[in-house]
């Protein structure tokens, strides 16, 4: 007997909109004390008491922001939450709630949406954010995800992009560039698969890069770490478009220049190997590859001693007077202008 | 010389994402004292002090929720804001901020997005909500709009769907059904236009219906009105899907039944005329036509005297014990079960 591969496909139209919402959202628990009312009314109700609320939103479109041929739906759901949680972390705030709206064409069976929501649920548990609302509707083409994240913070802790001063140190968490190269590996495998669908990919040498692309993490830990180190960042942003692009945002909004040192940029050893294999310049990837969801921030120079021993934090440069401009100091100590090239721009060149 | 019809088309790719966001959002002013930080950072920052925050979100897809062949972009932007503001009003809260995310395919020139944002700006000024964030990206097909609205209220004023009790009176604001018939008129004109593009439509007899469809208003006035009348609603919802569907939501979530009186349902005289012209039963339209954005709520019976003289409010029935079920009492005093048929269901039947 032939295997019925479609045995677990439930049509969305069988459920109806309200049935679908109930089915998908019934596992969302309320854990935040600030969530007074969650899903099920015209709006959710939040109580921030003396804290301030922080709000961020993102719209993700199939074929533009993700490719389902190598991005499993569960990972996509997880990553969509992470990207928004990361924006709240980049305010030096604590993420507390999210809303999730989904539009799908009728080619998606219920089981596909369940997988997506499994990833959303997993991330919301790990980051301790309540899913408090959303909207589920049909699209004419593909999958569309819109997430709004809400967080809380004391006013004095909230860190903007515009607070950097000349002589502040520029600090990055973790390492950069890996998520972009993970995407390159996956795209190469997709092309190999299209030529020979029986080919089994061997991805053992690329596990870190692929994980950074498919299952990135937001640096919710950094706010706590900086508090423990007694360091107050002066400006902060997360790395979604690429390191150089984010540095330029901080510089422009703060009215300062900067010197970034090529040799200081933290990269994973696996990234070095794979850049060699692909014959790509590693600094280009580190500067322009996006989706790392690391945090980039500035601190006062006198705080250097407090952070220098921490393996999570790397000083990669310092801010200067605005008139000095924004520069990359290469390994050969040449000073070249720093250009804003996000990973989208990079893709257009490829 | 031939007229150059394309002289004002600016390609979105000329601007780039950041340029586009800056261009479209530069006119958004901050008017709410609770808006501490608006567009321009990773997230907006809000201060609700002793008030509670209320959050709602909506995702609108071209071809599913709107048809650009008869919905001018400016009206679409206006209506998208209204639909979300209405959800906040339905919590008996005051809308204060919105985020607006847009995805467009490259067939849209800059001028089209400007029109859309003109409508968004107009509505945000009229309803006094600050546009505090959003996302602008490309889509593979059509226009996608995602809006999240935030409001504030004292905890004791917030009204849920689940607070109705047996014997409470069921009250609706304004009149219902007109927005749906406006859509029918516009769809008929579209078909006429497709047959004969030179035909000039005469829409004089349909102005109210078309305005209800293209430029609906949210009932932000009702919270204030009820306060002035010293009436505290026990449950509340807005009419986006259709009167019968919304009544059933209140009943189910409150654990009550209801009797709705056909003769009491408020309809505009123009709706009566046009239903006759289209040979459609007016009660079907009043019950199932959506997008009116009126408010539906329940009050204690003893509050009847306080509201009975108000032209904005109509008592259309009363709640009963749950076991009595949900019924429509017809003009011929027949009692028939009330069915949930939103306007989408209606369209599928047509």
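Indices start at 1 and increase along the chain as displayed.
Including glycine, each Cβ sits where the backbone N, Cα and C put it.
Of the listed candidates (B:87, B:175, B:281, B:303), TrEMBL assigns B:87 to the same Mg(2+) 3 site as B:42, B:238. If you measure from the Cα atom of residue B:58 (Mg(2+) 1 binding site) to that of residue B:238 (Mg(2+) 3 binding site), you get 14 Å. Among the binding-site residues B:57, B:135, B:291, the residue whose Cα lies closest in space to that of residue B:240 (ATP binding site) is B:291. Cβ-based neighbour count (10 Å, all protein chains) for residue B:87 (Mg(2+) 3 binding site) stands at 27. Counted with DSSP, the domain 'PurM-like N-terminal' (B:40-152) comes out as 34 helix, 44 strand, 35 coil.
In sequence order, B:42, B:56, B:65 are the binding-site residues among B:42, B:56, B:65, B:291 whose C-beta falls under 8 Å from a C-beta of chain A. Within the set of binding-site residues B:56, B:57, B:135, B:161, B:291, the entry lying nearest in space to residue B:42 (Mg(2+) 3 binding site) is B:135 (CA atoms). The average pLDDT the prediction assigns to the domain 'PurM-like N-terminal' (B:40-152) is 90. Here the CA atom of residue B:65 (substrate binding site) lies 12 Å from the CA atom of residue B:241 (Mg(2+) 5 binding site).
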